[in-house]
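> Handing you a structure now.
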Amino acid sequence: MSTPYIEKEVDGDKSSDVVWHSASVSHDDHVQLNGHKAAVLWFTGLSGSGKSTVANAVDLMLHQQSVKTYVLDGDNVRHGLNGDLGFSDADRVENIRRVSEVAKLFADAGLLVSTAFISPFISDREMVREQLPNNQFIEVFIDTPLDVCESRDPKGLYKKARAGEIKNFTGIDSAYEAPVNPEVHVKTAEKSIEACALQVIEYLKANNFIS
Ligand SMILES: Nc1ncnc2c1ncn2[C@@H]1O[C@H](COP(=O)(O)OS(=O)(=O)O)[C@@H](OP(=O)(O)O)[C@H]1O
Ligand SMILES: Nc1ncnc2c1ncn2[C@@H]1O[C@H](COP(=O)(O)OP(=O)(O)O)[C@@H](O)[C@H]1O
């Protein structure tokens, strides 16, 4: 007998006649089969801070240990699911809301999912935390000073933003609210990519998400 993992949320009138259907295979069944806990590693930081790089390094380390994983990356999700969204504050909020729902489904399936989104607003990240059960939200602050991100400029976007060719660019003319008490605080300007990834792996081990 499975227990409903995700409770139905009534969203105004549009879904009031939709009834939640419990799955035959429960979250606990997935976790038992996988042999590790599920969680969402929520990487947040400025553009060029290293979210994608560290998230993918962590993902590879986990995969090599036979942990079931998936990476949701802002650049990729914005090509499909969120291709209709731009970079106004309202669109960023909607971006994170949708990603949060997808991440919740991946975690429900028993995966250790990593997300790499700037996710600049504390309120949105706290919304994600609150909708995930049992401390499954792990905030990973990729803390890289703006000047370092700008000197890396892997996609040439800071140059364009400084030239006024891109508006509402995070850290230039759009806000970034740093995490106050993240589960993992990674300073990429001070250590290698591998050391940054290992810091996340150590957190997962110390908190019994993986063995
Ligand atoms: N105006 C503006 N501000 C910030 N970023 C911009 C912008 N325009 C395009 N890009 C590119 O989009 C990537 C950020 O997308 P996200 O979905 O992570 O943004 S957010 O969480 O909704 O704020 C970001 O990717 P990363 O560099 O990997 O962070 C940029 O490549
Ligand atoms: N310790 C480090 N951790 C992460 N990235 C680093 C580090 N040192 C240098 N970099 C470089 O910084 C850049 C970060 O880019 P990216 O991962 O795309 O950032 P983001 O996803 O936050 O926009 C990459 O070119 C990466 O090689």
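Just so it is clear, glycine is given a Cβ too, placed from its N, Cα and C backbone atoms.
Whatever TrEMBL says is automated annotation, not expert-curated.
What TrEMBL records for S119 is active site, phosphoserine intermediate. Residues or ranges marked as ATP binding site in TrEMBL: G45, L46, S47, G48, S49, G50, K51, S52. As annotated by TrEMBL, domain 'APS kinase' applies to 38-187.
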> Out of L46, S47, S49, S119, which recorded positions have CB atoms lying under 6 Å from ligand 1?
S47, S119
> So if I take the recorded positions (S47, S49, G50, K51, S119) and measure from each Cβ to the nearest atom of ligand 2, which come out below 6 Å?
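List returned for ligand 2: S47, S49, G50, K51.
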> Give me the mean pLDDT over the domain 'APS kinase' (38-187), rounded to a whole number.
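The answer is 97, the mean pLDDT of the model over that range.
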> For the recorded positions S47, S49, S52, S119, work out the Cβ neighbour count at 10 Å and name the residue with the minimum.
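Counting other Cβ atoms within 10 Å of each of the recorded positions S47, S49, S52, S119, the minimum falls on S52.
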> Using the centroid of the Cβ atoms of G45, L46, S47, G48, S49, G50, K51, S52 as reference, list every other same-chain residue with Cβ within 8 Å of it (recorded ATP site), in sequence order.
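Near the ATP site, beyond G45, L46, S47, G48, S49, G50, K51, S52, sit T53, A116, I118, I142, T144, C149.
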> Compute the C-alpha separation of S49 (ATP binding site) from S119 (active site, phosphoserine intermediate), stating it in Å without decimals.
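Checking the Cα atoms of S49 (ATP binding site) and S119 (active site, phosphoserine intermediate) gives a distance of 13 Å.
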> Please spell out the DSSP helix, strand and coil residue counts for the domain 'APS kinase' (38-187).
61 helix, 27 strand, 62 coil
> Taking 10 A as the limit, how many CB atoms besides its own sit near the CB of L46 (ATP binding site)?
24
> Looking only at Cβ atoms, how many others are within 10 Å of the one on G48 (ATP binding site)?
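For G48 (ATP binding site), the count of other Cβ atoms within 10 Å is 24.
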> Whole-number Å distance between the CA of the residue listed as 'active site, phosphoserine intermediate' and the CA of L46 (ATP binding site)?
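Roughly 9 Å, rounded to the nearest whole number.
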